[in-house]
Amino acid sequence: MFIEPKRGRSNDQKMGWVELICGSMFSGKTEELIRRLNRAKIAQQNVEIFKPGIDTRYDEEDIVSHNKNSIRSTPVNSAAEILLYAGNCDVVGIDEAQFLDKGVVEVVNKLANSGKRVIVAGLDMDSKGEPFGPMPALMAVAEYVTKVHAICVKCGDIAHFSYRTVADEKQVLLGELESYEARCRRCYNMAKKAEPALGTN
Ligand SMILES: [Zn+2]
């Protein structure tokens with residue numbers, strides 16, 4: 001389990017850092033983000049949470065996870081907007097970061113350089129198994145990377161693929177969690193192999 005790093009508190013050399021939580025769908029990324037943010041709140045720190053406006057699966061202003069811990073969040077249309085709103089906080093949470101533009105890398109660096117702790121969560125791969133949006137670059141610049149795993153719905157092994165059970169060319173289907181399954185490498189590859197036989201629909 002991730003334990004918060006101990007950092008010096010001298011104000012004249014205040015430096016933040018970036019944490020990244022990544023994994024497939026159903027891997028508990030948001031739960032882990034919320035756990036860390038709640039601990040920061042207990043430590044009397046100001047916490048702000050942002051997520052892309054595109055993510056409309058759940059409540060507009062709340063980050064909601066399955067264990068009904070919810071934290072109010074601010075939807076943003078671009079990564080740069082986060083800088084406008086994050087001024088007063090000690091800890092910045094960003095959920096569903098895979099949907100944000102590439103500018104998010106510079107944004108998290110600026111926030112960390114100004115002394116803030118930044119915790120980013122997002123899907124590391126899309127349903128084709130390709131690295132997703134700005135996530136690879138965020139992994140590179142983060143001090144701490146945590147990869148969380150789901151359980152394969154076919155065999156119960158550790159899963160890190162989000163397999164899409166309905167054919168669609170879009171990189172992401174929104175609002176349709178039921179269209180995805182967590183799969184291990186073996187079960188993901190087996191399903192992919194079987195796909196052409198089903199036609200291209
Ligand atoms: Zn499996």
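Glycine residues also receive a Cβ, built from the backbone N, Cα and C atoms like all the rest.
As annotated by TrEMBL, ATP binding site applies to G23, S24, M25, F26, S27, G28, K29, T30, D95, E96, A97, Q98. If you take the C-beta of G23 (ATP binding site) and look for same-chain residues 6 or more apart in sequence within under 8 angstroms, you find K29, L123, D124, K147, V148, H149, A150, H160. In the three-state DSSP classification, G23 (ATP binding site) falls within a strand.
Sequence annotations record features per position, and here TrEMBL assigns active site, proton acceptor to E96. Around the Cβ of E96 (active site, proton acceptor), 23 further Cβ atoms fall within 10 Å across all displayed protein chains.
The Zn(2+) binding site feature in TrEMBL is assigned to C152, C155, C184, C187. Here the Cβ of C155 (Zn(2+) binding site) has 13 other Cβ atoms within 10 Å, regardless of which shown protein chain they belong to.
Taken from TrEMBL, the feature substrate binding site covers V172, L173, L174, G175, Y180. DSSP assigns Y180 (substrate binding site) to a strand in the three-state reduction.
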Among S27, K29, A97, C187, the binding-site residues whose C-beta sits under 6 Å from ligand 1: C187
Zn(2+) site shell beyond C152, C155, C184, C187, criterion: Cβ within 8 Å of Cβ centroid: V153, K154, G156, D157, A159, R183, R185, R186, Y188
Whole-number Å value of the largest CA-CA distance among G23, S24, M25, F26, S27, G28, K29, T30, D95, E96, A97, Q98, listed as ATP-binding: 16
Candidates M25, A97, C152, C184, C187: member of the binding-site residues with the richest Cβ shell (10 Å): A97
